[in-house]
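> Copying in the features that TrEMBL gives for the protein in this structure:
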DOMAIN    A:17-136  domain 'Phosphotransferase system enzyme I N-terminal'
DOMAIN    A:163-236  domain 'PEP-utilising enzyme mobile'
ACT_SITE  A:His199  active site, tele-phosphohistidine intermediate
DOMAIN    A:263-551  domain 'PEP-utilising enzyme C-terminal'
BINDING   A:Arg307, A:Arg343, A:Asn465, A:Asp466, A:Arg476  phosphoenolpyruvate binding site
BINDING   A:Glu442, A:Asp466  Mg(2+) binding site
ACT_SITE  A:Cys513  active site, proton donor
Amino acid sequence: MPDPTLTSAAAPVTLSGVAASPGTGIGPAFLLSAPDLSFDTLTGQDPAAERARLDNALAASRTDLNGVREGARARLGDDAAAIFDAHLLLLDDPELGAAIQETLTGGANAEAAVHGAFEAFIGMFESLDDPYLRERAADLRDLRARVLSHLLGRPLASLGELREPAIVVAHDLTPSDTAGLDPALVRGVVTAVGGRTSHSAIMARGLGLPAVVGVGEAALAGLTRGTPLIVSGDAGTVTVHPDAAALSAAQAAQVAAQAERDRLDALKDREGRTADGLRVELAANIGAPAEVTGALNAGAEGVGLYRTEFLFLGRDDLPGEDEQYRAYRAVLEGMAGRPVIIRTLDIGGDKALPALGLPHEENPFLGFRAIRLCLARPDLFRVQLRALLRASVHGQLRVMFPMIATVQEFLDARAHLDAARAELTAEGVPVAAGIPVGMMVEIPAAAALSEQFARHADFFSVGSNDLIGYAMAADRMNERVANLYQPLNPAVLTLIALTCQGAARHGKWVGVCGEMAGDPLALPLLVGLGVTELSMSAPALLPRREQVLNLNAAQARELAAHALTLSHAAEVEAAVRAAYPDLTPADA
Amino acid sequence: MEQNFIVTAEHGLHARPAAQLVQVAAPFASAIELVTADKAVNLKSMMSVMGVGLASGASFSVRATGDDAQAAVDAIAARLEEQGLARRA
């Protein structure tokens, strides 16, 4: 039976837009309106005083953006985060800055100066034919609203106000809007403007929310808060005031999608084990304690990677020992005795971390970062290690060091951990015994020398994203060379095979915590090479568990051995597809 | 310090690739400009550079003034060539 509160006496109307994110959403409209950022244009102001106000607003905006960027990275990934890199670059733009300063010098208030300078550039970009530039106009509007909201002391309207399930309706969702969105309450997204590559669309797909964008301003004019809607993200339509028939059809579509989810959900409590009995632990990657619930709901058998850097980003100071301890303890307790691998700080010159005053580097990914930084800054490192050890009594902690290139670095890092343990013991603070200490294998040097590393490290976790990048010397964000970023290249598989062989000689285990772990094409190869733990984003866990349960490890070993003899990534892919014809193209 | 270039990118040098140059230029102390037939824009500014549109085969130059001018021009030239956007003329 259709829910009577969602049917309506008004005649149904169907709006057409761009199918931006699949799925069917049913619910009342929640109109996200922009805050009142109106202001009076003043003249004869003190330029120095207005400059100071502006600088405060810019600094506050910068802090916001760093935080929003890392939030987006944690929930939505690097592509979503890159939008905020662009915002940060625009915020410091010299031309924009000069235009604002000129108006300030003339005696205008900061609000008028900011508004006017942005307006000129927005107008210019919007008048152009290039869709890329028109999207930048949206960035500028979003950025201007942020700076003005700080100048005026009026917080931006937030989806944080949402308390009931609803379909979010907006002119356009700004990146800042979507960063504050609770996917548990949002049933769908409808916007007046935008296309498949607009921010709203990208973010909705990242969160798995049905979305239809670009339905037009006029089409949305008649909607009010609570108007019943159906969003059909596959068809690109929005039904306003749906009748019983439309509602039944939408519910049937939801039921079918739910049935698929239920089928997978039934596997939630099954131990990760191949059909022929090989144990493969399926764990989740998380960036914050709040993600533990999602991980457990997806059946995570542990946390294979807790990225602690999110504690450090988007702020002007450093998190103290107690603050870190609380975060680590929350994750360990949340996982209730399941293993939790906490990776020590993995940060470098590519991330704005004002408190560290890191110099800009030409090549941050080959530079002073992660364990290199931590070993050079024991003040920073010790605080984190003490916090980890203090938290260790609240669960099953495994400590992991990132970006290890030499055996000496691993030994030095572990010596710091031992020293921190000795300090705590001397202070009478309890610390768990026998905490496994492992390392990331993301630098080819570590894979090449895995046998020597395995004498010391208790486990390895292959950071496949960086390992592929370093092995192929290709940045996948650089579209000119992204084709060289080949997870299935036999060279990459050979490095993983070496890692597994070195580990096996000393009875140590190997996991994978990069995107490869969640890739259905890579999974049989990884298991076949000897990987026994796969850590991935929560949404991938159930489908990959189903795949592991159906996998024959002996067959996977044969396939992997064959893959190592091939020359091309495409041949490896073809071999995997031939062995597992059920992998649909959508699984690629 | 000034270096001439010819656009080699099939679709020309437009907003998206041009915006990458800002990231290369921003760290240098020198003033850096992208000079086309009809205007000179600040290469450290996304705002200015995104308005640039150069067709394949068009010529332009990068002009830097300051202590690290040579390094700046070299870095930009390297990026233009690596990305197949332009070659030195």
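For all residues, glycine too, the Cβ spot is worked out from N, Cα and C.
All TrEMBL annotations are machine predictions without curation.
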> State the three-class DSSP label for A:Asn465 (phosphoenolpyruvate binding site), counting H, G and I as helix, E and B as strand, and everything else as coil.
helix
> Cα distance, A:Glu442 (Mg(2+) binding site) to A:Asn465 (phosphoenolpyruvate binding site), nearest Å?
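Their Cα atoms are separated by 8 Å.
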> Please report how many Å separate the Cα atom of A:Glu442 (Mg(2+) binding site) from that of A:Asp466 (phosphoenolpyruvate binding site), as a whole number.
5
> Measure from the CA atom of A:Arg307 (phosphoenolpyruvate binding site) to the CA atom of the residue listed as 'active site, proton donor' and give the result in Å, rounded to a whole number.
11
> What is the three-state DSSP composition of the domain 'PEP-utilising enzyme mobile' (A:163-236), stated as helix, strand and coil residue counts?
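Breakdown, helix to coil: 18 helix, 19 strand, 37 coil.
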> Take the domain 'PEP-utilising enzyme mobile' (A:163-236) and average the pLDDT across it for me.
84
> Does DSSP give A:Glu442 (Mg(2+) binding site) helix, strand or coil?
coil
> Kindly report the helix/strand/coil residue split of the domain 'Phosphotransferase system enzyme I N-terminal' (A:17-136) according to DSSP, in that order.
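Summed over the domain 'Phosphotransferase system enzyme I N-terminal' (A:17-136), the classes give 79 helix, 12 strand, 29 coil.
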> Return the residues near A:Arg307 (phosphoenolpyruvate binding site), defined as same-chain residues 6+ apart in sequence whose C-beta is under 8 angstroms from its C-beta, sorted by sequence, else 'none'.
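Result: A:Ala74, A:Asn285, A:Ile286, A:Gly287, A:Arg343, A:Asp346.
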> Counting across all protein chains shown, how many other Cβ atoms sit within 10 Å of the Cβ of A:Arg343 (phosphoenolpyruvate binding site)?
25
> Within 10 Å of the Cβ of A:Arg476 (phosphoenolpyruvate binding site), how many other Cβ atoms can you find? Include all protein chains, please.
18
> Drop a 10 Å sphere on every Cβ of the binding-site residues A:Glu442, A:Asp466 and tell me which sphere holds the fewest other Cβ atoms.
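Output over binding-site residues A:Glu442, A:Asp466: least Cβ neighbours within 10 Å is A:Asp466.
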> Enter the number of other CB atoms within 10 angstroms of the CB of the residue listed as 'active site, proton donor'.
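The residue listed as 'active site, proton donor': 29 neighbouring Cβ atoms within 10 Å.
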> For a quick check of packing: other C-beta atoms within 10 Å of the C-beta of A:Asn465 (phosphoenolpyruvate binding site), how many?
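Result for A:Asn465 (phosphoenolpyruvate binding site): 17 other Cβ atoms within 10 Å.
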